[in-house]
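Visitor: After the structure tokens below, expect a handful of questions from me.
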Amino acid sequence: MAKYFTSESVSAGHPDKIADQIADAILDAVLEQDPKARSAVEVTTSTGDVSIFGELSTNAYVNIRKIATDTIREIGYNHAELGFTADSVNVSNKIVEQSGDIAQAVDNAEDDPDQLGAGDQGMVFGYATNETDSYLPLTLALSHRLMRKIRDARENEILPYLRPDAKGEVTVELDDNDKVKRIAAVVLSTQHDDEVTLEQLRADIRKHVIDEVLPQDLVDEDTIYYINPSGRFVLGGPQADSGLTGRKIIVDTYGGAAHHGGGAFSGKDATKVDRSAAYYARYVAKNMVAAGVADKLELQVSYAIGVARPVSLNVDSFGTAKVSEEKINEIITKLFDFRPLAIINNLNLRRPIYKQTAAFGHFGRTDIDLPWESLDKVKEIKNLL
């Protein structure tokens with residue numbers, strides 16, 4: 001029986017991703033003035049409306065409405081026919097200050113007063129695979145590339161009739177060793193102007209987007225292409241569907257190839273281990289795989305609120321390790337510090353670097369420079385093997 005695996009991605013103009021980008025744009029603006037600000041901003045989007053709420057503790061002053069409308073405009077919602085535009089949207093701001101109880105627990109770790117405690121309990125996962133140069137599953141890497149390509153086709157007016165909302169999905173067939181054998185199917189749905197015919201859109205998307213992204217040695221005559229399979233897709237974005245921060249956590253991470261602890265990223269400052277520890281776990285997994293420790297590796301790290309040191313750390317190499325599990329744990333324990341303040345300092349996370357991550361994935365990015373994607377520990381790991 002054939003074995004398949006699928007991942008998806010969405011465009012920057014997807015309603016949930018609009019919300020994520022606004023939340024991280026607010027975070028970045030605050031961090032520019034106040035690197036130690038605490039943020040847990042949430043955003044909803046709907047027809048003609050953006051609601052911003054959550055918690056923010058900072059000495060900075062930022063223009064929330066302007067940040068939201070500038071972000072919407074940058075994404076491409078700037079024409080009245082889209083039903084959701086930067087110039088007409090209503091922005092409501094209901095942000096409040098962070099709970100004092102949470103603040104004191106974070107500022108004074110129970111197990112180490114000189115360290116920050118975790119901002120909440122919970123578990124995070126980090127993952128890497130040598131399946132691609134980006135150390136992401138091929139299905140997710142290709143899905144993200146499809147979404148970036150369709151954005152470029154719209155912004156560069158190669159396909160000027162495209163609108164900002166889009167989704168993509170790639171399915172591969174695997175061999176008996178779980179290696180990619182071929183691309184079995186591609187699904188791509190994109191919003192478009194009313195005038196374009198479905199026939200033209202499908203031909204253009206195949207030529208200018210899909211065929212320019214997919215590795216031709218992995219497609220064959222049996223590869224299936226579903227381009228706008230629902231047909232008409234004129235109404236899209238928040239005019240058609242409401243959006244909310246944190247609803248694309250699998251798109252943001254590993255495309256379903258690894259576990260997820262449930263915590264979202266956007267709008268959260270680095271004291272929130274949902275974000276910072278997940279980034280650090282990716283950093284560890286990527287460096288370990290790049291050093292040849294295993295073909296793929298997943299870390300689970302768990303925390304207690306107000307406590308600096310992790311409650312637990314578990315490693316799974318899926319049977320691909322080149323050394324013993326004991327050796328892997330020994331290397332990780334020796335080289336990597338999972339306490340929140342150590343993570344913040346090691347990755348320099350008190351900077352306005354987050355908005356750029358809020359679309360097209362937080363990991364495996366080759367178009368932007370992210371500290372948790374650095375391979376600066378590979379040499380040290382190899383020296384310990």
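For all residues, glycine too, the Cβ spot is worked out from N, Cα and C.
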Visitor: Per Swiss-Prot, which of 98-108, 230-240, 241-251, 362-372 is region 'Flexible loop'?
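Guide: My reading of Swiss-Prot: the region 'Flexible loop' range is 98-108.
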Visitor: At 10 angstroms around each C-beta, which of the binding-site residues E42, E55 has the fewest other C-beta atoms nearby?
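Guide: Per-residue Cβ counts within 10 Å for the binding-site residues E42, E55 bottom out at E55.
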Visitor: With every protein chain in view, how many other Cβ atoms are within 10 Å of the Cβ of D241 (ATP binding site)?
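Guide: Neighbour count, Cβ to Cβ under the 10 Å cut-off: 15.
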Visitor: Looking only at C-alpha atoms, tell me how far Q98 (L-methionine binding site) is from D16 (Mg(2+) binding site), rounded to the nearest Å.
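Guide: Computed Cα spacing between Q98 (L-methionine binding site) and D16 (Mg(2+) binding site) is 24 Å.
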Visitor: Taking DSSP three-state, what's K248 (ATP binding site) in: helix, strand or coil?
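Guide: Assignment for K248 (ATP binding site) reads coil.
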